[in-house]
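Feature annotations, courtesy of TrEMBL:
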DOMAIN    1-116  domain 'Ig-like'
DOMAIN    121-219  domain 'Ig-like'
DOMAIN    225-312  domain 'Ig-like'
DOMAIN    326-418  domain 'Ig-like'
DOMAIN    423-502  domain 'Ig-like'
DOMAIN    520-613  domain 'Fibronectin type-III'
TRANSMEM  635-657  transmembrane segment
REGION    662-703  region 'Disordered'
COMPBIAS  680-703  compositional bias 'Basic and acidic residues'
REGION    797-821  region 'Disordered'
COMPBIAS  803-813  compositional bias 'Pro residues'
Amino acid sequence: MLVSVPMTQLVAIAGEPVYLPCDIATQDEDDAVLLVLWYREDLGTPIYSVDARERDFGVAERWSDESVFASRAYFLPERRPAELGVDRVRASDQGIYRCRVDFKQAQTRNSRVNLTVIVPPNKMVITDDKGDVKQAIVGPYVEGDTFTLKCDVSGGRPRPWVKWYRDEVEVDTPATALQGNAVRGVIHVGPLTRADVRAALTCRASNHLRAHPIETTLTLDMNFPPLTVHILGSNQPLSASRRYDLLCQSSGSRPPASITWWKNGHRINNAKETLSSDGNTTTSTVSLQLTKADAGAKLACRASNPQMPSVAALEDDWLLDIQYVPETTVRLGTNLDPKNIREGTDVYFDCIIKAHPYVYKVEWRHNRKTLVHNVGQGIIITNQSLVLQGVGRKTAGNYTCVGFNAEGDGESKPFSLNVLYAPTCRSSQQRVHGVAKQERAHITCHVDANPADVSFRWTFNNTANSNEVSDSYVSRSGTSSTVTYTPHTEMDYGTLLCWAHNRIGKQRVPCVYHIIAAGRPDQVHNCTVVNASLTSFGIRCAEGFNGGLPQSFLLEVRDIISQEIVANVSSAVPRFTAVGLEPGKTYASAVLAYNAKGRGDPYPLRASTLRPPEKHHVHDKSLDLPRTAFQISGAMSAAVGGGGVLMVVLVLFMVAVRQRCAKRKPRSAPPPSSQPASPDKLREKDDSESDDRNPDIIPSDTDHMQLDYFRQQQVSTISPPPGNRAPRGSVAGVRGSIPGYCPLRTIPPSTHPQAMHDNSTASSSIPPPARFASGACTLPRGAGACASSGAGIPLQHLRTLPRPLPAPAPAPRHTPRDTPL
């Protein structure tokens, strides 16, 4: 049983887009479209497909036949029904198309579309009785003449129709079919009268109501005494203060007419005349700059034939219509006082406008920004009025209204709206103040208020009570007030509240300032090395608590061996860049924060610059010289072999003797050295030897080598009782102080008293490490006094040293001296 496939009729104009419908809607929610295929009946294969069998339909694979639609086709599944769009439809696209839709569950659905493509005509040729092609003017003819015009139109499908119009009135037009789907329309004109001069004869052709028709208009020209005179573009408005070239044209005069210009009966003498190519039309041009005062004046153009003085001159006049840019003025509501507009008041403005032509749009601006009608924000714009509901401080400013017409936009002078409001606390103030006991602090309260004549009230709150601050401690300057506050006890730390009021009202929410005990800043943390190069590296840290005072940051870079400062960088934020360093070298660095109360604990770390690229040796071809043949005799070979065996036996004998002597001789501690080698120097030697052997080997990290060295010596940090503040060091150029570091001491492996007695002797035999700071030092914040003023160790070892062994008696302590980092 054959099932009839529904067909949809579509008509499209060539060059325009067309949309072929295809219903892909499903009846079941669980069903889905798997495949959409488009066919053209004269082709056996699909011309477009949407394949969603292996993916979601939203990202289905789409294909278009390059010989049919190519890239002009696109599928629109979101439409109801879905459509296949084709851009720039062609005449060859006409035909019957079938859409096939395969569903996951439902039965396959087919639909057909009969597409008809309309091709508008594209060529029109008009000829007269002589076969001359006419394009703009036909003639000139004299009174009583008759003539015929032929309009040939071609290039359309289906065959176009042709019609003639005389002054936009349709004329009976007999049409004749020509070869090649062309058609001809004929118009017969005459006998001519004076009424026929400059008649507009229009040939218009089309083949569909939706197709844009093509047309050609011819003007009929005749030889007469001046028949017409026209000011071209007359009765149109003119803009004030602009210069115009006005044209007056007279036709029908044989010989050509003479044209003169007049304004309110006064002749204008600067006119220039030109003659048309056929000699039938005279054009006169006058240059005028009109003003607003010329509105309503009569401008006349007179044409006369000098050869026919008995014939009165023809005249065309024009009542001047002068237009100008809108003149606007902003006026405040009559019942409002511009000097007493308070916050929360409703304000309205009127825009007084003088304009011609009248404005088509009025725009309101606040501080040169356009206002938009928004009832939710209290902005209501109706006609030429502006209403501001509940004005606030942000509403204050300059308001202008702008009128728009064809001449341009005219903006009024600004109206300054002054909104009075009660004081409020100004943002971006320092809310936390660190103050030491017995220190005089000046806390400033800044408010925004209008009028600026304000008075202040201060209160102090702590956990126990709330007190008013006496006026003798308070000073005022404009909209700012400063209280002088000195804490003496712990109870003097708390919160200061500041209120202000003016004649508008009292401040609702006070400004709150917290007074805390000031101290030196905390240690920075999370320091990392970034952007290392051959001669520089950067360090970034996270800042800690500033101690209640503004803090700054300092980076010191030292040479590990000599402890000389090679870079000293200060910054308002913990981000530094040390430059001018040596390539391929490791430096001891420390980052610390400081404020007016002192310095925080340094954050030690090591940073290295990049190693320079290795030099590659170039093979010298001059060394490739021919070698002289050298032959070893049998006696010489025997002598060399015997000498080698003798050397091996001698070396084995010396090794055996050395081991026997070592077993008999008791092991003793190595004598103290006046200048022991440090781990850094040992590593420097090893690194140099390793580099000589293999320049590609990257040297090991200095931190691990020194750390292993001190672990072998069983060292530990000193942990004195808390509460003892060690002396602080100082850094040149920075106020305050910075704690130093406590030197390490050795702990003997045994707890025997004799071992403890020999502690000083044993410690002197330990090679001292590379020092970060010479002399004695202090412990970080919270630690006690240092031990003996031995040589300091690099700062990075304070993080990873092992836990100290218990000692029967503490080592004697000496007061350290201040040591700069």
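Each residue, glycine too, has its Cβ placed from N, Cα and C.
For the domain 'Ig-like' (225-312), DSSP puts the residue distribution at 3 helix, 46 strand, 39 coil. Sorting the domain 'Ig-like' (326-418) by DSSP state (H, G, I as helix; E, B as strand; all else coil) yields 6 helix, 52 strand, 35 coil.
Residue counts for the domain 'Ig-like' (121-219) under DSSP (helix as H, G, I; strand as E, B; rest coil) come to 3 helix, 52 strand, 44 coil. Here the domain 'Ig-like' (1-116) is broken down by DSSP into helix, strand and coil counts: 9 helix, 54 strand, 53 coil. Per DSSP, the domain 'Fibronectin type-III' (520-613) is made up of 0 helix, 49 strand, 45 coil.
The average per-residue pLDDT of the prediction over the domain 'Ig-like' (225-312) is 87, rounded to a whole number.
The residues of the domain 'Ig-like' (423-502), classed with DSSP into helix (H, G, I), strand (E, B) and coil, number 6 helix, 44 strand, 30 coil.
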